[in-house]
Amino acid sequence: MESTRHSCLKLEPQHSEPIFVKCTWSQSRFDLSITDGLHAWICHASEEEVRDRAAQWDQPVTEYVELAERYLGFQQPGSIYQFTDAGDGHKRLSWTFDKEGTTLEWRWKCQLSPNSKETTAGILDFLMDANIRLSEEVVRKTQSFERLKVEAEKCLAQSEKINDEKVEFESAIYEKFLGVLNSKKAKLRELRGQLSNEKAAGKLPEDESSEKTDSFDNGSDDEKSEEEPAKDVTGTSKLVVGSRPRGRQRTTRI
């Protein structure tokens, strides 16, 4: 089954009073119902007519219908709309559009409705139904927004609570950490003091032993210095004793 779409546009044509254009769109055709509040006009664009128009513009039928829906579903600011007399009470609806730098114009002839009241009432009913649907949609959207707002406020309150708890937790942890750190620092100072006292107490025996060792070393040096001259004397005496026999031998030979 071919799907249809509906739209209704309040159009302000050039040099004319505002009109309401109700459109029914399908894949290959469309229908127009137009009213100015007093009179009404209709246009039934059959598949054959739409196909001929699309062929004239070298367009596929679906593209032609989509472009017409674009300009009759919403009033395009760059387009010039006109709703002029076509004789015998009929009207001609036209609009312009740009294509590849060229301004083109489409025109459709609208016949005077055989029952203007019925056509106008149909347009008003469509507008009322659309207004009701939009109002219901607005109510649903508003309710949904209020629910989202309440949820957002709850989330915000919960986030603030979590943030406060986080700050309290960090403060408590920081205080505990400072307590542990200060106790560790105090313990380290105590250990350093004990170590300094032990070192100070251990220096005295080391100094005495070093003094004793130095005096002993000095004494041995003195003994060595006393022994060395004796050795020198003995050496000289040997030399003297050795020289005497040589002198006697010389005297004997004489």
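For all residues, glycine too, the Cβ spot is worked out from N, Cα and C.
As written in TrEMBL, here are the features:
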{"type": "DOMAIN", "residues": "18-112", "note": "domain 'XRCC4 N-terminal'"}
{"type": "DOMAIN", "residues": "144-191", "note": "domain 'XRCC4 coiled-coil'"}
{"type": "REGION", "residues": "197-254", "note": "region 'Disordered'"}
{"type": "COMPBIAS", "residues": "200-215", "note": "compositional bias 'Basic and acidic residues'"}
{"type": "COMPBIAS", "residues": "245-254", "note": "compositional bias 'Basic residues'"}
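As a whole-number mean, the pLDDT of the domain 'XRCC4 coiled-coil' (144-191) in this prediction is 90.
Each residue in the domain 'XRCC4 N-terminal' (18-112) gets a DSSP state, and the totals come to 23 helix, 47 strand, 25 coil.
According to DSSP, the secondary structure content of the domain 'XRCC4 coiled-coil' (144-191) in residues is 48 helix, 0 strand, 0 coil.
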